[in-house]
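According to TrEMBL, the domain 'Peptidase A1' annotation covers 68-371. According to TrEMBL, the feature active site maps to Asp86, Asp267. Residues or ranges marked as disulfide bond by TrEMBL: Cys99-Cys104, Cys258-Cys262.
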Amino acid sequence: LVLLGLVAFSECIVKIPLRRVKTMRKTLSGKNMLNNFLKEDPYRLSEISFRGSNLTIHPLRNIRDIFYVGNITIGTPPQEFQVIFDTGSSDLWVPSIDCNSTSCATHVRFRHLQSSTFRPTNKTFTIIYGSGRMKGVVAYDTVRIGDLVSTDQPFGLSMEEYGFAHKRFDGILGLNYRNLSWSKTLPIFDKLKNEGAISEPVFAFYLSKDKREGSVVMFGGVDHHYYKGELKWVPLIRAVDWSVHVDRITMKREVIACSEGCAALVDTGSSNIQGPGRLIDNIQKLIGATPRGSKYYVSCSAVNILPSIIFTINGVNYPVPARAYILKDSRGHCYTTFKEKRVRRSTESWVLGEVFLRLYFSVFDRGNDRI
């Protein structure tokens, strides 16, 4: 199953495999998912050729089915951090050694005095996320994503953090458009693109399911070994973020949301499928979920009988089956991954997070403003 249209990129690709951490709901061996997948599910490779295939492998880890994180380094000599590769935001930041917030104390902090290439500024900024916020200062230093190197890269050093304590990532690497940068600086993907460090202004995600290993983010092109069938391109609504137009959302051939069309942000930094509260509540009722705390729960046996929820995008149906939208918590109870989107807009909007992206290989094409 694929989301995106046919890609023909030449020259080199920088590929960063994303390794998943053992989840609370399943303890897994951590074997390479792609190798197993290719053995168990052979398929016809699409006819895409690459002249040169320079692949950089970078493990991403799954944190309790909430985030996929990978390692980057900042500074000279390099200091390593675990970050979320996030298409929902545009800024790169990590904690500063001068940050005294509880969240910072549980993460790796950047020691600027130990980097010979560090350049400070007095510019401050604040970012508000759905699950937390940070306040920081802009700085410049050398940032490495695998073999990709961005010298004098602007990034943020958090001085205050709220909502990120004990979460197993240090910072966030935004991959959204420049206009959404809270720090008003040049995002790392834009800088790499402008400097010709990548052969094509494209990156792609393959997010593994139920495997610790195997997830990949790739820069500069697309490796066709990670999908079967044909990629289907979807134009962005506007070249300002990774939002696409959704025709409708259906279940059992009946429209349950997005009846007049709606927007959906394709967001690798979100673990859920998010939508307007009244529509999410309706979906929870349709699948028989009951609220308990901050989540909605169903019987685990319902996974085998509940219908798929289908997102029709650009005329193509993308089913999300019950096995994808229902997960187990640490106590073995099953909960749904639909969540209210707490943003007030006059038009209906959704977020397609990792629940959706684990099913569909996704390519983000900045050169043509499409997914």
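Numbering starts at 1 and runs along the chain as displayed.
Glycine is treated like the rest: Cβ placed from N, Cα and C.
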Residue pair Cys99 (disulfide bond), Asp86 (active site) - Cα distance, angstrom, rounded: 23
Neighbourhood of Asp267 (active site) by C-beta distance under 8 A, where only residues 6 or more apart in the same chain count: Asp86, Thr87, Gly88, Trp242, Val351, Leu352, Gly353
Pairwise Cα distance for Cys258 (disulfide bond)/Cys104 (disulfide bond) [Å, integer]: 40
Rounded to the nearest Å - Cα separation of Cys104 (disulfide bond) and Cys262 (disulfide bond): 38
